[in-house]
Amino acid sequence: MANKPSPKSNNGGKAQNSTRHPGAVDGVKGRAGRILTKAAANGTYDTSTDEETAVLVAVPDKRQADARTQEYLDELEFLAETAGASVTKRFIQRLDKPDIRTFVGEGKLAEIKAYVEHTGASMVIFDDDLSPSQLRNLEAELKVKIVDRSLLIIDIFARRAKTATAQTQVELAQYQYLLPRLTGLWSHLDKQRGGGVSQRGPGETEIETDRRVVNDRIALLKERLKDLDRQSQTQRKSRGGTVRVALVGYTNVGKSTIMNLLSRADVFAENKLFATVDSTVRKVVLDTTPFLLSDTVGFIRKLPTRLIESFKSTLDEIREADLLVHVVDISHPSFEEHMAVVEDTLKDIGAADKPVLVVFNKIDKYDTGEAAYHDGFEGMNADENAPAPRPSLEQWQATYMAKLHNQVVFISAQDRTNLDELRARLMKLVAAIHNERYPSVQPINYDEQEGWQE
Ligand SMILES: Nc1nc2c(ncn2[C@@H]2O[C@H](COP(=O)(O)OP(=O)(O)OP(=O)(O)O)[C@@H](O)[C@H]2O)c(=O)[nH]1
Ligand SMILES: [Mg+2]
């Protein structure tokens, strides 16, 4: 937990001498921050190396297809793994509306409880956001860590953030998440300490103090972000006269890999969700056309709005770009839904009206599913639920060329297939924007470029 100064240091010492309830603000970090962390830098937390085990819970509405539910849970499991937990079980309950008190119904809750007690699972992760009271009730009932979707994503962001801006943004998101949840978060700990029903929870005064400390902290972080923002705005202004291109897309589609290929930058790319939380900008020259390329944080379905808001500075790279390169992982069965999530998020942040080049990546991994489908039919028990084969890559290409007026490239960043086509298209688009926007600016000399020599 190296990146989180204690909120204590910022409260003028007021709360430090009071008798604190177990969840008082000193414990904020453990709760809202690295929820899945085993060790903390200051050594006050548990340092055991046992892997955390998690149970997933989804409450889809009754119309949602089974395959879709499983796929959402696959994504949640991937998120959990990225956060360092291994998933041992999935619970699904179809409900028109989640239970207002405990999210799942009584029977399902008992089932989850029995499983958690039996296996010693250390946390239960919900594929949605829980209200503060649902969180409290579930914690009291299940007596293990309860993690909702926002907290899981914030936790991953906290692990990934490297720059001062990203770290401050994450910390702001953590406190904003925590604020409405301050009351009684640790109520079950009180009970474990032998308080019983008659013991009252943390006193209102203490909660008020905590709330004030957290509010102060939020105000301070916002101030700090404003300063950082001013600095990066100045930086961005100094880049005037050069076309700016931003790589955008769902998480794990290959944005950083493409960034590395185009700019020779050494950006961290791996098969984890949200490998990139900071944005990186590199100067690239294709032929004689210079432009600035930025790699940005990936989007995901149900990305907490708070998180989007607190990541404003990172998202400014996208908002201020002249051209967006929307990278899509076409090998993913839900790539079209992912595209829609990205388009919606772009709308949310006010970046929907920019020119876009769509790059369908991972064509090496694309599978129509035809083989599996026919295998199924030849067998004695043909699976009626087997998904129908998907269109071929050529079919997708024709569809999207028509839909997106040819602003489409199909590549494999891994195998380096069609990279020349990607470069050529980028160059053409960038040159057109450059000539229109900066007719008086001289193109930068090839010799001046660092690291670009393909
Ligand atoms: N099979 C295949 N894998 C690829 C290709 N391009 C990237 N990958 C892999 O996909 C994973 C994600 O790549 P990244 O470049 O980190 O993806 P990203 O979009 O930057 O991800 P986030 O930063 O997490 O949003 C890595 O394991 C890459 O090696 C490709 O063309 N084919
Ligand atoms: Mg990345």
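Note: Cβ is positioned from N, Cα and C throughout, glycine not excepted.
All annotation found in TrEMBL is predicted automatically rather than curated by experts.
Residues or ranges marked as region 'Disordered' in TrEMBL: 1-31. Annotated coiled coil per TrEMBL: 211-238, in sequence order. Under the heading domain 'Hflx-type G', TrEMBL lists 243-434. The GTP binding site annotation in TrEMBL covers 249-256, 274-278, 295-298, 361-364, 412-414. Look at TrEMBL and you will find S256, T276 tagged as Mg(2+) binding site.
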Identify, in sequence order, the residues in the chain of G249 (GTP binding site) that are 6 or more apart from it along the sequence and have a CB within less than 8 Å of its CB; answer 'none' if there are none.
K255, G298, F299, H326, V327, V328, D329, H338, V342
Given S412 (GTP binding site) and S256 (Mg(2+) binding site), what distance in Å do their CA atoms have, once rounded to a whole number?
13
I'd like to know which of these binding-site residues, N252, K255, S256, V297, S412, is least surrounded, judged by other CB atoms within 10 A.
S412
Between V297 (GTP binding site) and S256 (Mg(2+) binding site), find the distance joining the two CA atoms and give it rounded to the nearest Å.
10
Quick one: which of the binding-site residues (K255, S256, V297) have their CB closer than 6 Å to ligand 2?
K255, S256
If one looks at the chain holding K362 (GTP binding site), which residues at least 6 apart in sequence have a CB under 8 angstroms from its CB?
V253, G254, D329, I330, S331, H332, S412, A413, Q414
Helix, strand or coil at S412 (GTP binding site), per DSSP?
strand
Where K255 (GTP binding site) falls in three-state DSSP terms:
helix
